[in-house]
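*Asks:* The feature active site, nucleophile is assigned by Swiss-Prot to E124. Annotation comment: Swiss-Prot describes E215 as active site, proton donor, evidence class sequence analysis. Positions annotated as domain 'GH11' by Swiss-Prot, on the basis of sequence analysis: 40-228. The feature N-linked glycosylation site is assigned by Swiss-Prot to N29. Annotation source Swiss-Prot lists signal peptide at 1-18.
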Amino acid sequence: MVSFSYLLLACSAIGALAAPVESEDTSFNETALHEFAERGGTPSSTGWNNGYYYSFWTDGGGDVTYTNGAGGSYSVNWRNVGNFVGGKGWNPGSARTINYGGSFNPSGNGYLAVYGWTTNPLIEYYVVESYGTYNPSSGGTFKGTVNTDGGTYNIYTAVRYNAPSIEGTKTFTQYWSVRTSKRAGGTVTMANHFNAWSRLGMNLGTHNYQIVATEGYQSSGSSSITVY
């Protein structure tokens, strides 16, 4: 979780941002919370909230406030940040059908995406629903397209070398599906993306977490998302 590297030369990333959590502790570290509160930010944390897995990571730059809401809802407000990513979903991930809605308003670089990891092989994946000033279609290796959920997604791969991951510093592959028409609500049929990737030789492993994530890099903005 640090840097879109190859795919985003100027962007640090949703990738490797938050390691999985073994417990279901939903509380933030009080000392860290106090320290970040003085700077107007929320500390990094992962866990469970109202029946959903959540992950929030920040490099500590700028001002970013992540708030877990009722059910599958969360909100993020950020100003002049370095890099952060956060959201709600499930652990483990699966080929589920995801419904979500809300608002996503970045000023600068940002993503709204279904984001997750698998192990054996170690894969970091994104189904990008919307983005800010940087279009991830600009980078990576184009593999094909998939038509699903009322839109077309371009499929890409990229490789991260010696980068942070849920297994520590590793070299691993990223899989991307990037929607050509931006949106901030609807249905994401993950089985259709996974099947399309598989047909292209892009195989997944054992699922770790899977969230509907908001990410920002050197930008400002706001996001309010509910996962169903």
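Glycine is no exception: its Cβ is also placed from the backbone N, Cα and C atoms.
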*Asks:* Look at the active-site residues E124, E215 and tell me which residue has the greatest number of other C-beta atoms within 10 angstroms of its C-beta.
*Replies:* E215
*Asks:* For E215 (active site, proton donor) and E124 (active site, nucleophile), determine the Cα separation and express it in whole Å.
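*Replies:* E124 (active site, nucleophile) has its Cα 15 Å from the Cα of E215 (active site, proton donor).
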